[in-house]
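Peer 1: According to TrEMBL, the protein carries these features:
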- 23-113: domain 'Carbohydrate esterase 2 N-terminal' (DOMAIN)
- 129-328: domain 'SGNH hydrolase-type esterase' (DOMAIN)
- 1-19: signal peptide (SIGNAL)
């Protein structure tokens with residue numbers, strides 16, 4: 001009887017693993033949602049479902065049930081449930097973090113239902129987005145001047161999430177506000193890691209090289225949106241060395257290629273950079289030239305550049321792109337990906 005019970009338990013755990021799918025980079029050992037856009041997805045037959053959880057810090061999430069989304073701006077308590085009044089039947093549930101790990105984390109517990117969990121539908125396409133506060137969705141729901149908080153960060157409205165949605169692709173986001181390719185935003189601690197280091201981690205605060213790059217999570221394409229913070233300067237440090245920036249872009253892509261050799265790569269320009277601000281600087285053009293220089297050095301038909309015009313005066317907190325700016329860019333990114341991958 002004991003052996004039968006052990007087999008039965010193993011089958012139950014296997015069924016749960018297939019039914020409840022983690023979205024983005026989530027360590028199955030800790031079940032911690034850290035990066036923006038991480039979450040869980042599942043289907044069930046019944047009239048209600050509950051996601052058990054434990055939270056640290058401040059977290060904002062988007063709960064989508066059968067295509068209808070609800071913003072939970074401040075996650076409290078030990079669970080999140082589907083809305084009351086669902087009819088008994090088949091339902092799909094997706095929970096994604098709107099906010100970034102800087103503010104807090106969510107540890108996922110058991111997913112329960114008054115019915116039966118079903119197998120989740122996994123898209124055949126996958127995109128990885130690597131970026132800074134723009135990709136996070138920093139201050140996206142605010143109107144400048146405002147203070148960025150977990151509540152006004154909104155990753156599901158970013159160009160990244162919208163691009164993946166339009167292409168019917170699964171996606172991972174590895175993004176951290178203030179981070180750069182060779183140096184972080186002005187005023188950062190010298191000990192703060194740059195993206196080529198954080199990218200090797202399961203969660204942004206985990207140990208270096210903790211991410212195992214599982215075969216099932218290898219993306220078809222990678223979008224890299226870095227450079228805004230490398231350029232940032234209040235006069236307290238030297239201007240960005242463009243040769244170093246170009247070399248760093250080349251080195252980072254070559255490192256990623258060791259894990260994703262068949263992927264297509266896209267370098268995305270920053271809408272927060274411009275020519276003429278700071279006065280006498282041509283940061284927007286310089287970043288474009290650096291990325292195209294990196295593409296030339298890589299000499300690969302799998303690496304591409306995507307432009308993004310300098311944003312207008314209608315902005316979110318701390319002059320970050322708002323929802324309209326992200327929504328306008330998403331089709332451009334999606335079209336570039338679709339062209340190269342035949343999607």
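Cβ atoms are placed via backbone N, Cα and C, with glycine included.
Bear in mind that the values here come from a model prediction, so they are computed numbers and not experimental data.
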Peer 1: If I take every residue in the domain 'Carbohydrate esterase 2 N-terminal' (23-113) and average their pLDDT values, what number comes out?
Peer 2: 98
Peer 1: Per DSSP, what is the residue count of the domain 'Carbohydrate esterase 2 N-terminal' (23-113) in each of helix, strand and coil?
Peer 2: 0 helix, 52 strand, 39 coil
